[in-house]
Amino acid sequence: MAVTGREGDDDVDHYEVLRLPSGEEGAALSVERIDKAYRKQSRLRHPDKRPDDPDATADFQSLASSYEILRNESLRRQFDARLRGRREAAARAAAKGVKRRKAVSDLEERERAFAAGHAAELAKREEKRMAADIQRTLDDHFAPNKSCVSGVASTSGHGAPESEPKTDNGKILKVSWEGGADYYTAAKLDEIFTQFGTVEDIVIMFSKSKRKGSALVVMVSKEAARSALKNHSVYNVFPIPLSVAPVPIK
């Protein structure tokens with residue numbers, strides 16, 4: 001498509017109209033080079049060469065107008081200065097856009113980092129809280145002269161002797177499920193985990209939620225507990241799957 005333009009039209013690059021290099025390279029072109037380009041374009045774009053092009057005459061007039069501007073030393077200097085200002089303005093706008101995008105990107109990155117750090121901190125606090133709750137449950141349940149503590153029920157019949165030392169947390173599994181807090185009884189859990197070794201005790205933990213249940217399963221050894229942890233596929237065959245994890249360390 002032909003490029004059209006008039007003197008003073010800031011949107012027209014007269015060098016491009018003559019199919020010449022623009023910018024600093026265009027400003028350095030000799031008059032002879034401009035004359036040669038004009039003659040060539042005149043032959044190619046003369047209306048007589050394009051009888052079926054309704055824009056041919058306007059295009060040829062623009063070609064002549066651009067040539068006159070570039071052929072005139074004073075007008076050419078003015079145009080070069082205007083073109084240089086246009087390029088500098090575009091460069092400043094581009095630089096400003098880059099800075100703006102970088103500022104937005106930096107802000108978004110800081111927000112993501114803050115959100116991630118905040119989420120990690122909340123997760124860490126929740127993990128500590130859960131570990132503390134479980135440890136309190138263990139301390140209360142296995143403390144000498146205590147067979148049952150408010151909020152915790154041991155229903156397996158494997159109560160630890162009063163003189164028995166504190167249970168090793170490495171033998172204890174935290175078991176949880178969703179879909180009904182009372183779905184799994186101590187007897188049912190004992191039946192499931194006995195396949196990995198002797199179950200010493202099961203503590204059903206009371207919950208305010210009727211849909212979520214949890215318990216602590218005390219295995220006879222760390223090896224039995226590790227075996228139970230490795231066989232997750234066993235717990236997915238039940239209508240309400242079990243989630244089994246080691247007891248978090250406080």
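We count from 1, first residue shown onward.
Even glycines carry a Cβ here, placed using N, Cα and C.
Outside the compositional bias 'Basic residues' (39-48), and at least 6 residues removed from its termini, the chain residues within Cβ reach (under 8 Å) are 2, 18-19, 56-57, 59-60, 63. Sequence annotations record features per position, and here TrEMBL assigns compositional bias 'Basic residues' to 39-48.
Taken from TrEMBL, the feature compositional bias 'Basic and acidic residues' covers 161-170.
Taken as a whole, the domain 'J' (13-83) shows an average pLDDT of 94 in this prediction. For 13-83, the entry in TrEMBL reads domain 'J'.
TrEMBL lists 38-58 (among others) with the feature region 'Disordered'.
According to TrEMBL, the region 'Disordered' annotation covers 149-170 (among others).
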